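As given in TrEMBL:
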type	residues	note
SIGNAL	1-24	signal peptide
DOMAIN	415-519	domain 'Cadherin'
DOMAIN	520-633	domain 'Cadherin'
DOMAIN	634-737	domain 'Cadherin'
DOMAIN	739-855	domain 'Cadherin'
DOMAIN	879-969	domain 'Cadherin'
DOMAIN	970-1085	domain 'Cadherin'
DOMAIN	1095-1203	domain 'Cadherin'
DOMAIN	1204-1326	domain 'Cadherin'
DOMAIN	1327-1427	domain 'Cadherin'
DOMAIN	1428-1537	domain 'Cadherin'
DOMAIN	1537-1652	domain 'Cadherin'
DOMAIN	1653-1764	domain 'Cadherin'
């Protein structure tokens, strides 16, 4: 073979096998021949063809150059495929994963696909801040270009998990299948900026229709990451306590939303509140430096980190340290059991629950659960921040679990157990043998403990260091292979009260010789998941080796072996191996928990060997199931057929799915995709609501949806199947009105009989025929009422013939009719009752807008409309409520009010409610009677007609006076003189005041009053004067003037007060009267022709014209000079008018004259007259006199007539002569014009009207009343020729104008708009004499075919359409009476009739017109093929090798008669289709092509699948039938026993019957048919155990029950455990058998007494021993070491012993040891104790007892001081000589063997 041979040939033999497997398992991949380069062919990873760990390479083949494979395992187009059209070929890929390789074959089918997407590439540009669940806009809907197919499903062809999107299949408003893409979350920084995937479209048969590419481009939105403020959080703090808030950090983000904080790492001693940024301590801290990061995360996933450094120095805590304001503290002892602690009492909702922490969980209901044991020594406090949501918002609280310390005894932390050691045979005393390590608080505390050697066996062999725990030798020689024991206990040196905490007793077993290795555990239990790979390290069972007792040699390495004991014997495990040097157990074979042939538990032993010695430990490996199997339904398609009226909850069909996993991974939950049905946990499907068979108008409907089975694994896996439920129609529904059961229609008030009003349409969901009638109040049914009739077949309501307009207006509109629709029950076979439904029809009379609004009380408004002067900013009052009447109805009679102002008018003093007509003052205007005593108002009333009509009302509003002006004096002060000799009663001076308010508020009274500003000398001046009366200002002298020359003048005030309401106002003026010594004479006015009391002048007289020329002379004839002063008032308005007039002095003929001239133009309309007052004052005497003049203003014709509005409007109906108009409208005018002339009454304000000849035609068609301004028609009009006229009207007064430059009268013009009202005087017309429409026979009722519009020259004609058959009879069409749209009213059938000739009639209420309409019905394929039988069933033998063989010949027929419907293609779908069964595409022959297996776990007893018949050569409608192939069983399965059959029996069980003692059941499984002998089993014991020649066990041949046939004793080595072999044999032909191993363990009972190894134990105790100190320990043994109730209790036989007591302490092996302890202080000097103690110890196991003796030696200690005996005082003489005997002293010591002597003290 050449070296250049292709890989394909090299692997040819291997590949051939795989090719056939691939072809059988995987359908070909179709690709469009027009696909461009880079186009997706298939995603092998996404479709689970390959795994992520395999590397794919495309192998050479004739077509391989057209394709390529990328690193994502996606096959892509490499060059154009046009040369491969309609070719099918394989592509070969080598899949490598070291050290394995395999070949993957993909069959490719290049097709010329006609179905395509609307675009080959959809691109969406999305912003990075796009929101979750927001739809992505591609600018065009994702859909197929050809949407004629019924079912279309869009599925991603490549993975989309790396981008946050989801694809949703929905229908648009036209019920077309489209795909929409939504965001599943916001864009994160970690997401790609561009993403592409391919999208497939499948039909209902899961056939690929088309593929498109979908691309996304992320446009970054410039939102910055969160920014911290402040920028650092470095703090220097004193010592802080737990949960002290240290500082607050804040961060802002322009991404919006809330910024969330957290601390990194989580193990830090600090934390932060996630919402507010408060940094707080988790524990108390004294000193140190701590660094951590605070992370701020915004809604877009952007993060910013802030580094924090906390330095804690030793000083007092600052007082202003802020604590978290709300916290919940719970104290828990450290020995609290796992479980619930407490429940938070709050009504708020816990957010983000459950809150799972290391040691506890807070659940959503507020319960706090302890999930892990607490340990005070490791952590004194646990905490978390909880966020609670209430009605006031979210808040944070701190939850603190304070762990309370519980004093716990010490514990040994050495390992492994039991404690073993070795000791050399010959070593000096003090040799280190073993070291114990004990710690307080059960091993978690400190090492401040004291070690105590209780005793050794034999005694005195070892010692223990009380501080270090080191065990040392106490003798030099030890006996070879002898086992020594040392009993050691640890005591807590820290005592609480008088309680001393002691550890368990550690038993150290010391061998004088070499030991085998010791394993860390006495048994290893391992759980191993099934998905672990080969060579996975399962467990480390490394053993501990002991030192050699011979220092001259060293031990060899420890080696390991692994054996399986599943069958009772040691054999090498095929599943697991062990490294001989490291002791690591590894996996040898792949595991599969779900394979029945794979064991679930592996019983192994590990042997560790060292220098010829070995140790054995059991190893049990349990295989754990993982969720690696998806649920699989028993059928891919389930079908059922029911009536549509099946009650909700009734079982329709049952589905079943199996999951090869176990436990929760195999627990299945079913779900449906259709809300019309529900499914329970057993897979039983029932309708949730009433079904509907009429959805497609085919008298049946197939509900098609998916059922899914989801297992309980994590993550869960899912399997799906299709459900097809065919619902058959029943006559169970009443007709349904379309589009609603509430119809509203209008008919014109002038409509005539026969006019169509409204089309009523009802459809029967059951496709029955429907008839219509009116339902009267008495329950009777009629088709005609007084005004209306209804067509019983079509439902068209018309005006009854002969009805006139007066009949329609006689009753109140609207007319309320009830229409009854009744079906005829023709839909379904068999008898059925009819059903009815009712609809309400409201028919309103449509008004014609021929009446304009009229203000009937307009003339009255000026008399009653008043407003007080002032400003109305708030709550303005209603001045008057105007009301206009419009005799039209509906909107034509609805009036809207508004105010009309001339365009030149800027001041708008009023507002009006447009609905009610209430007139109110404007808040922006000041009403001042003195300025404007009356306000003009023009109100406009407009109706709401389509062409609205308008009415006007003009009136005045009187401004009512408010007393807001005080009286005003005509002078600032008055001054005059009087002679001292003046007589009483003389008029001295007259004061005058005026008031601008209205007369009732301007009635002025006067009174005198002292002048407070003058001195006291003037206080009584008013007593000399009085007012002539209160209403006059004339002051007269009433008392003589004092003769005292010092009184030179009088000075007082005059007060003028009005009588206004509600509060009077006043003014004050000062009056000064000088006193002359002699009489004074006032000036005298001289008569003159130019000085008349009344002067008349025409308004608008030129300025500076002299009105008066007067002079006065001195009263005393002295010729003294006279001065003059002028005052002017407007008496009507009570205001000053000084500015309008002025005085001038003239000297003429030697006299001084005063002249009064006009300074401002006088206006008659403003004031009709003025009062002038001239005061003449003598310069010498200062005496004054006044004279009044009246100036009368005559009116001039200077006022121009002014129209009240800028535009007048009116309406006149066409086709009326002038006489008919006046008769119809009772001589009312079309409109009335009004112009106002402000001149005074007379010719100058008489207004006359005329029509100007601007439009000669219009001016002749109308006339106007010259005086009233009323316009009337002068001719008959035709609206269709001209619908509106504009007139120009002139208003003029009746006098020559006085305005400069104007000749003749004053005049003004206005426009008048007159609208010609429409009258129905034209018949409607159609554009065409004949219309044609087409509709498919499958069109739904209500489908609109064609809209035919008629036209009417009349403006507001109300056209109504009616449709009938051209030749009579019932028609399946209707017409919308208002629009002319012809629609389908009843189901169509091309096979019955294909062409309809119709007559369409239109009416405007008076005239009718008709046209022809032809409707052509197009045929559609609306009948699916129907099989001869709904179910085909047969039975064959399983494993029949005579294949292929024909099972059935099915046949289906199609009711459609067209050629396409007759071309029926057959297909199979479902269980075994294509793999085991096939069908002739055209013949319908179903063949078996592969032998079948009926038996579990892979076989199926009954194969169920679906046969389909598809018309239109496989492209049309589908008919279904069920196929069932039942298999007859053959005996091809041997019985199988489960692995690991275990049973137990208690020892010493007596046989109470010949059957023996029941132990257990064993069951074998035979997968053959359980209804046949092939699965009936007979049991026997193949290998039994015998004792004394008799079998130990027997088995019941039928039930498999195993019995023991003798009493067993566990303590005998041969009877501890038995392994027997059982056999199961079926009764098939030939019979098959299976075997299984059964392990039976004998359970221990407490049937043996305990025993001591010795009859006498010796010990020693010093007399100084503390109370409670251990003296020695004794250990009892019992053969019943596995009996549950075998618990030792040690006591002294004599419990009343004075000196000792016995305790039962736990030992390090898990058993118990008896410890003798001191009961009270001992004393060697006590003769009764010096000889030691003889004690007896008793041990009880609860049933039995054993005794032994103790001999305790008491050791003396120097515990007594010497005692001196002799006199303490002695008297001697002073002359006693040296050596004189004084006294004798002796010394003694109570301690044994101690001697005492005396010495002299210096």
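For all residues, glycine too, the Cβ spot is worked out from N, Cα and C.
Contact between the domain 'Cadherin' (970-1085) and the domain 'Cadherin' (1095-1203) holds: at least three of their C-beta pairs are under 8 Å, each pair 6 or more apart in sequence. Confidence for the domain 'Cadherin' (1327-1427), expressed as mean pLDDT, is 86. Most Cβ pairs under 8 A with the domain 'Cadherin' (1537-1652) among the ranges 520-633, 634-737, 739-855, 879-969, 1327-1427 are made by 520-633.
Across the range of the domain 'Cadherin' (1095-1203), the DSSP-based residue counts are 3 helix, 61 strand, 45 coil. A contact between the domain 'Cadherin' (739-855) and the domain 'Cadherin' (1204-1326) is present, since 3 or more of their C-beta pairs, 6 or more residues apart, lie under 8 Å.
Highlighted: of the candidate stretches 520-633, 634-737, 879-969, 1327-1427, 879-969 has the greatest count of Cβ pairs under 8 Å to the domain 'Cadherin' (1095-1203). Take the domain 'Cadherin' (634-737) and the stretches 879-969, 1327-1427, 1653-1764: counting Cβ pairs under 8 Å, 1327-1427 has the most. Residue counts for the domain 'Cadherin' (1537-1652) under DSSP (helix as H, G, I; strand as E, B; rest coil) come to 6 helix, 53 strand, 57 coil. Across the domain 'Cadherin' (1327-1427), DSSP classifies residues as 0 helix, 48 strand, 53 coil.
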